[in-house]
Amino acid sequence: MTDHRTRFLQLALDADALRFGEFTLKSGRLSPYFFNAGRFDSGAKTAQLAQCYADAIDAAGLDFDLLFGPAYKGIPLATALACAYAGRGRDLPLAFNRKEAKDHGEGGTLIGAPLAGRKVLIVDDVITAGTAIREALAIIRAAGGMPSGIVVALDRQEIASDQDRRSAAQAVAAEAGIPVIAVANLGDLLAFAAGNADLVGFQEPLLAYRGRYGTDTTG
């Protein structure tokens, strides 16, 4: 497992953003783990998280020249990532959307750098149903931008349903025709748990969950 994946998972565990136990998801599934990016709730935690994102993006070789953060969690993530890249000598333009359009001031739903003609990388925490990402794709295209990729913190790599064996990330990637990458995925989480004495007890529930809900590419 590459270093940024291990660093991210340890950071998430330390921040209590990654928890193990029994959690009922919005889908109704009973999951042995839960990820909440909202627990990266300080400058230091967010800065470290952004470095993990940047390492994952660079490792994937994504081609982009603007960062876009969908409201709401994508906004601080994209902002922190822009700061991380500035520290690496790359000053990237940044934009995000608001949920409700304004009819005063600058107006509209978009804030930040113009999207027209830009290769836009969408930055978010997870892809659950894909609704927010699809909205972001539509907003970017309507503004003349060209979506070039999507990056999230954690890919759960689980099927949408028994009828659709793809994950939400796989479905979005196929629909949009762009790469979707994650800092870490369920396969990485399994490897991380196996190498952590405090988490070995969760290995069996994780494997059972992957067996029931994992995509064919989970590994």
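Each Cβ is built from the backbone N, Cα and C atoms, and glycine gets one as well.
For the orotate site, Swiss-Prot gives F34, F35, R156; the one candidate out of T79, T109, T128 that the record lists there too is T128. In this structure, the C-alpha atom of D125 (5-phospho-alpha-D-ribose 1-diphosphate binding site) lies 9 angstrom from that of F35 (orotate binding site). Around the Cβ of K99 (5-phospho-alpha-D-ribose 1-diphosphate binding site), a 10 Å sphere holds 10 further Cβ atoms from the protein chains shown. A simple Cβ count within 10 Å picks out one of the binding-site residues T128, T131 as the most packed, and that one is T128. When the Cα positions of F34, F35, T128, R156 are compared pair by pair, the longest gap among these orotate-binding residues is 12 Å. Listed in chain order, the extra residues whose Cβ falls within 8 Å of the Cβ center of the orotate site residues F34, F35, T128, R156 are L25, S31, Y33, V126, L154. Take the Cα of A129 (5-phospho-alpha-D-ribose 1-diphosphate binding site) and measure to each of the binding-site residues F34, F35, R156: the nearest one is R156.
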